[in-house]
């Protein structure tokens, strides 16, 4: 059981490691063709521009190669230098760099470190009423992403909306999509909620997803982002058709939709005599007479002695004798060249002026302070009193947001070649799913077909994780060990199995004179020491002789203990018969007739 449990744990470990490299978020068919077959697959696929099935508010595939209906912004950002305030970032319509499908094009952000703004009007405004909102589009960070976003804005349906003036402060209803800067990976879902009393809009941020978003920014694959808002005030955020975030518009956004009923009174002030001190010095405490505050915390160690070999006149650092002035060193511009300093090899023990080390002063007590006691006048931490919130309201249906009538991308990025494709806004998730299957589904088909084999993925994984070689070797040995354990199981002998219980040897009849002679010889042997080698040979000879007479096999210590236990049991059961044998011996002991004696066979122990 221990053997099988070990390999079971090893198998589970390998599965957990392998899961790190497998995309378990998307359930797609595995393709195991080689590179030639995948090239043929890409050329054989007949791409067809997706067509919406059902009511839609906006669709865009960019397959026509033209930006028909899209408006480039001519606005300028406020509060920044004029040189960088212009939205002069470049957009192009191109196919994907990798895993391209002939005829499938997308909108590509082409400029680095520039502001980009482009927008398009919906076929009809979306009004939040009794139908869900479904927003979906594709993003591919073809060169990865250092710092930048790929989110969209749904621009509010206002009278002053002008797409040529679209900039960062243009009023929007929803902001949705991926964003990254540094190591902060985000998937925004922000909506602007209107205060019913003051009319002021406030941004509400959905809680962050519970999944690691890093791979969606770094794997250079096309990913599908979907937002679903329902009339029951719930929402879902999906990546590649997998829900990564969901919740309630009333409970899972920050700040909350409804303000608190009571707020702190801004006019309330803390009284001057309010005592917030929980502890105060004990006024009745007196400093001890022997308390010396003049002693320093550390003193010179008077017992320290300068180590032998300490060089007082040697510098601790010296110029590097092996250093050479760079060939391009210009003394007029760079100044006089000096060799870098290195540790003085002669200062192995120490160099420079020696001074004894400092140690803690055992007499140090520091400045005396009275002990702290509970404050009898403690009133607690003061806080302003609560008053009814004059701006309080209760909105139990936050889904009813401001309608929108345009979609825009207002982005700044330090990385170029961000690919956008297949925008759709509708009210039915099934319509968006069909749209995704005809567009994004084709891209995933090609990407999976061009994926390297499992073997190549495992080998490439070891470049960053060398410890995986150990897992691979153990995993390779797993089936061999299991087959061996089942085909050639280890034979385990049962305890006491094949133990032969043999009868005690009964010596040949001996005369009384012969017994007396043996007794004399034993006494003589005890009185005269015998050479160890002769004794060993004699004992070996006796054992060999007895083995020839009786049993040819030797018995283990456990078998001897069993035999002795049975002999002791037999003694108690056969006490009557032994008494009779003794009486028979005594009756024949007066003469030289033969007698019988029972002996226990000596067994050599190895």
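Glycine too: its Cβ is placed from the backbone N, Cα and C atoms.
Counting every protein chain shown, the number of other Cβ atoms lying within 10 Å of the Cβ of residue 124 (N6-acetyllysine) is 11. The secondary structure of residue 124 (N6-acetyllysine), as reduced to three states from DSSP, is extended strand. Per Swiss-Prot, the feature N6-acetyllysine maps to 124; the stated evidence is similarity to another entry.
Taken from Swiss-Prot, the feature region 'Disordered' applies to 255-308 (among others).
For 265-275 (among others), the entry in Swiss-Prot reads compositional bias 'Acidic residues'. Within its own chain, the compositional bias 'Acidic residues' (265-275) has Cβ neighbours under 8 Å at 375, 377-379, 382, 384-387, counting only residues six or more beyond its boundaries.
What Swiss-Prot lists as repeat '1-2' is 280-293. Sequence-distant contacts of the repeat '1-2' (280-293) (same chain, six or more residues past either end, CB-CB distance under 8 Å): 363, 365-375.
The repeat '1-3' annotation in Swiss-Prot covers 299-312. Within the same chain, residues 346-354, 356-359, 361 sit at least 6 positions outside the repeat '1-3' (299-312) and bring their C-beta atoms closer than 8 Å to a C-beta of that stretch.
For 313-346, the entry in Swiss-Prot reads region 'Interaction with PPIB', with the evidence type similarity to another entry. Counting residues per DSSP class in helix, strand and coil order gives 4 helix, 6 strand, 24 coil for the region 'Interaction with PPIB' (313-346).
Under the heading repeat '2-1', Swiss-Prot lists 335-348. Long-range contacts of the repeat '2-1' (335-348) within the same chain: residues 309, 311, 314-321, 323, 325-326, 329, each at least 6 residues beyond the stretch ends and with a Cβ under 8 Å from a Cβ of the stretch.
Predicted-model confidence for the repeat '2-2' (352-365) is 92, expressed as mean pLDDT. Residues annotated as repeat '2-2' in Swiss-Prot: 352-365.
The compositional bias 'Basic and acidic residues' annotation in Swiss-Prot covers 518-544 (among others).
The region 'Disordered' feature in Swiss-Prot is assigned to 518-606 (among others).
As annotated by Swiss-Prot, compositional bias 'Acidic residues' applies to 545-567 (among others).
Annotation source Swiss-Prot lists phosphoserine at 556 (among others).
What Swiss-Prot lists as compositional bias 'Basic and acidic residues' is 568-579 (among others).
Residues or ranges marked as phosphoserine by Swiss-Prot: 572 (among others).
For 575 (among others), the entry in Swiss-Prot reads phosphoserine.
As annotated by Swiss-Prot, phosphoserine applies to 577 (among others).
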DSSP helix/strand/coil residue counts for the repeat '2-2' (352-365): 0 helix, 3 strand, 11 coil
Residue counts (helix, strand, coil, in that order) that DSSP gives for the repeat '1-2' (280-293): 0 helix, 2 strand, 12 coil
